[in-house]
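Engineer: Dumping the structure here so I can ask a few things about it.
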Amino acid sequence: MTDLPDSTRWQLWIVAFGFFMQSLDTTIVNTALPSMAQSLGESPLHMHMVIVSYVLTVAVMLPASGWLADKVGVRNIFFTAIVLFTLGSLFCALSGTLNELLLARALQGVGGAMMVPVGRLTVMKIVPREQYMAAMTFVTLPGQVGPLLGPALGGLLVEYASWHWIFLINIPVGIIGAIATLLLMPNYTMQTWRFDLSGFLLLAVGMAVLTLALDGSKGTGLSPLAIAGLVAVGVVALVLYLLHARNNNRALFSLKLFRTRTFSLGLAGSFAGRIGSGMLPFMTPVFLQIGLGFSPFHAGLMMIPMVLGSMGMKRIVVQVVNRFGYRRVLVATTLGLSLVTLLFMTTALLGWYYVLPFVLFLQGMVNSTRFSSMNTLTLKDLPDNLASSGNSLLSMIMQLSMSIGVTIAGLLLGLFGSQHVSVDSGTTQTVFMYTWLSMALIIALPAFIFARVPNDTHQNVAISRRKRSAQ
């Protein structure tokens, strides 16, 4: 990339900065949830909605981001994304109630949904094709650093300042990023097709109301009748989308995608798999603080080995899949993650705290292997004309399943805790023990889906090579 013009390098820095903001925000909040609950006068059992409101909004808005960038221009949409994200951060810091915080997090989610996909699109437009891989490696590196710094930085700010600062630090950074975007980034546009607004609204309504219904009376305080109504609305919306997309060449996501068996299995496995693994980044710091009495900063530091294990495993995951095949790797890592989850709970409750960093490092390795294998399996056999649509659907499903996972984790805590989780409660560790046992079972269930994946090692070799050349 040394031969790129200075203006292009600055534009890549802006995109990298956006990736960092978005990735940092996905992890920095987790460590602060118990302190937020105390400050807002809420039960810690309700605080999972702070994460769900953000991730669910990202899932809902993702399908529209690429079309908006092509229609309005990448600079205008990227600038809007940074502004919305920064305003959402300000409103989060100013929130005096949980409901205000949830609305502000949803605003943040709108910005976050546009930031990363539009950033990728920007790189495609400003960098020559032969340098695309190097450019994407450069801009995504800060996105990998964000999860590494987020938990510890969040714990540090909570312990020595207040939880408000995990949002306030975004404001000066966001202002600088917005100004740099206006001054330095070109506003590329493309000829667009007619956006499938009907399909978008049906999917958005279906995803949102079903997630809210899942949270149920434990989180949102809804009556059984209201929950039943939400379920009915959500199911009807999704059925209407299926009818709408059938034989519709302009549908948001074509049903032709599901004619590819590996895509169907991979998407189903990714959805179910990320529900289980999506619980872990939320539950781990909460358990360390409320269940074991760790300080916010200590709990944040404990998350670093998990991120390091995940980053380190990415270098050899292709060789692992080539050697053993998708089916064996996915079944083994799914069951392995369930066992590591049980190991974490056991060592924590036994008081073997010095072992926890090693267990979390192992958890990161197993999870990373499974994620990479799921992603590649899902997309590897799609025809070229469906690859972009399949990738967008996978990205949406990833966010949706993580929001559902966090929702279920909060539901389990509420179910076993009966609203009595606190540091002084003698039943706290028992509540967490039952929750972690349930999580381990949920994490293991996708193994039944992955067991149906064809196990063709030679095919995996060819696909892995193609994957590496495309990155």
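Every residue gets a Cβ built from N, Cα and C, even glycine.
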Engineer: With the domain names in Swiss-Prot as our guide, do Trp163 and Ser223 land on the same side of the membrane?
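Structural biologist: Judging by the topology that Swiss-Prot records, the two residues are on the same membrane side.
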Engineer: With DSSP as the yardstick, break the topological domain 'Cytoplasmic' (159-164) down into helix, strand and coil residue counts.
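Structural biologist: Tallying H, G and I as helix, E and B as strand, the rest coil: 2 helix, 0 strand, 4 coil.
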Engineer: I'd like to know the mean pLDDT over the topological domain 'Cytoplasmic' (33-48).
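Structural biologist: Per the prediction, mean pLDDT sits at 84 for the topological domain 'Cytoplasmic' (33-48).
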Engineer: Any contact between the transmembrane segment (49-69) and the transmembrane segment (396-416), i.e. 3 or more CB pairs below 8 Å with pairs at least 6 residues apart?
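Structural biologist: Between the transmembrane segment (396-416) and the transmembrane segment (49-69), which are separate recorded stretches, there is contact, as judged by 3 or more close Cβ pairs.
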Engineer: Run through the topological domain 'Cytoplasmic' (33-48) and tell me, per DSSP, how many residues are helix, strand and coil.
Structural biologist: 12 helix, 0 strand, 4 coil
Engineer: If we call contact 3 or more Cβ pairs under 8 Å (sequence gap 6 or more), are the transmembrane segment (165-185) and the transmembrane segment (197-217) touching?
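Structural biologist: The answer is no, given that the two segments have fewer than 3 Cβ pairs within the 8 Å cut-off.
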Engineer: Rank 12-32, 225-245, 396-416 by Cβ pairs under 8 Å to the transmembrane segment (263-283) and hand me the top one.
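Structural biologist: Stretch with maximum Cβ contacts: 396-416.
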Engineer: Would you call the transmembrane segment (138-158) and the transmembrane segment (12-32) in contact, using three or more Cβ pairs under 8 Å, pairs 6 or more apart in sequence?
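Structural biologist: Taking Cβ pairs at least 6 residues apart, the transmembrane segment (12-32) and the transmembrane segment (138-158) are in contact, with 3 or more under 8 Å.
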